[in-house]
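> The structure is given below, and queries will be raised subsequently.
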């Protein structure tokens with residue numbers, strides 16, 4: 001089994017989101033940081049206990065000297081005083097004792113406290129704690145496996161706190177592991193500023209929708225229903241598995257698959273705008289359970305679209321339909337013609353795989369509809385888009401059908417053009433704009449030359465899935481051939497079997513000289529996902545291990561499979577490794593940073609949500 005993690009010169013932290021409801025946190029100190037720790041503890045549902053000999057400002061003075069003649073005393077920070085007065089914070093006005101660690105905690109954990117926060121710096125001259133006491137408490141906590149955090153002393157900490165942005169159930173934390181000084185806060189602010197407003201509320205709405213759907217599908221608890229609970233796990237390969245027409249079991253979780261794909265593919269700005277009314281409309285459109293309309297049934301909007309004959313023939317139609325390819329993903333790879341179309345269209349109908357970097361270029365004034373395509377619903381979603389495009393065209397609007405890659409390379413562009421012609425749209429009212437197809441650009445971004453002298457002299461571009469999910473005829477092996485499979489990763493096991501073994505149809509035929517040559521299982525191959533996007537990923541392996549690699553590493557669509565010796569033309573595989581995973585896009589190196597595609601080197605981010 002291969003390791004997908006690069007070798008680091010230092011150990012990074014294991015970022016976790018702790019559930020602290022009812023936990024007891026000891027806070028040692030009297031400064032503003034102690035107040036911040038207490039507030040954070042309360043926000044997490046914990047019960048903070050402040051231990052400090054420093055009296056609050058309301059404590060009576062025992063001195064006979066008039067107050068105005070007394071020297072200034074060290075007092076609790078006013079925020080701590082307010083929390084104590086409200087009853088939210090318990091204040092033990094005395095020095096810390098070692099026994100506090102084992103007597104102030106919850107009864108169910110034998111009175112051991114759950115965490116200790118020391119807010120007094122080692123160099124402080126305050127009356128709370130001195131450096132010797134701080135080191136002693138830290139050692140005692142670690143000896144008894146009590147989590148302890150000491151401000152500005154990472155060597156004394158068993159855990160550290162992140163710079164956190166909170167928006168409802170959404171939390172984003174950043175740490176530089178003690179190497180960035182105050183840079184973590186700066187990075188956190190930059191990340192938070194880049195998020196659309198209202199994203200936390202959207203997380204709550206989508207999370208509530210998921211809970212409702214899970215409750216409705218208790219009788220069909222499958223991987224599809226349970227996926228997405230753990231924030232630390234990428235989407236599984238099952239999310240995009242092939243669903244054949246008439247699959248009754250898959251129909252039961254149709255809406256769950258839609259929700260999972262919306263969360264994965266829609267741009268964050270669009271997700272933040274999703275309202276409860278939008279969610280209810282979708283639930284009505286896709287009835288749950290085994291009954292209801294078929295996933296391939298045409299929507300009512302298509303059935304009610306007025307045919308050309310229903311219109312007044314003397315009324316001129318000034319609308320226009322543009323079919324455009326958006327390239328593999330990076331916005332800098334758009335053609336200028338497509339960019340102009342994005343800026344001037346009255347309505348944009350986008351495929352779900354058009355990445356957010358491209359969708360972010362759409363003016364806010366322009367309505368956008370993203371295809372509700374998920375396994376088992378592709379045909380219906382396609383009909384919805386065609387109906388919307390036709391209706392808008394007849395209203396005299398300019399409609400942009402925005403596709404990934406090139407519209408005529410497995411993009412249904414030819415089918416859509418034929419549809420509009422049948423509906424009476426004149427040729428001069430439909431424009432097709434080319435795009436950079438991922439079939440040839442994705443290998444480039446992965447360092448794979450599809451053609452190279454003495455390696456590969458031909459390139460074959462294939463689909464891994466035919467119409468209605470039928471497997472297409474597999475191509476034969478060629479030593480000097482590079483094959484690029486689009487739409488294949490969701491049925492990778494079947495594809496590998498077809499390439500390396502005879503199909504049932506071929507086994508019934510007589511073997512002859514013209515028979516298909518089978519691909520050796522040790523043929524190099526590469527899975528390239530989200531090419532040119534910030535989260536691009538490349539899995540380098542062979543046909544023998546590619547299915548296992550995808551199963552273990554998860555799915556990150558859109559992706560394609562490259563098969564042939566070209567996969568190792570510029571890459572030497574490591575001995576003993578079944579596959580290697582390469583994460584991240586190196587960029588286009590244009591001399592200027594592209595907005596939204598930069599990364600903060602050395603920083604680790606933790607994101608927690610409830611959806």
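The backbone N, Cα and C atoms fix where each Cβ goes, and this holds for glycine too.
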> Between 11-31, 32-52, 53-73, which stretch does TrEMBL give the note region 'Disordered'?
53-73
> Region 'Disordered' per TrEMBL sits at which of 250-284, 285-319, 320-354?
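So the range that TrEMBL calls region 'Disordered' is 285-319.
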> In this predicted model, what is the average pLDDT of the domain 'Tetrapyrrole methylase' (320-544)?
91
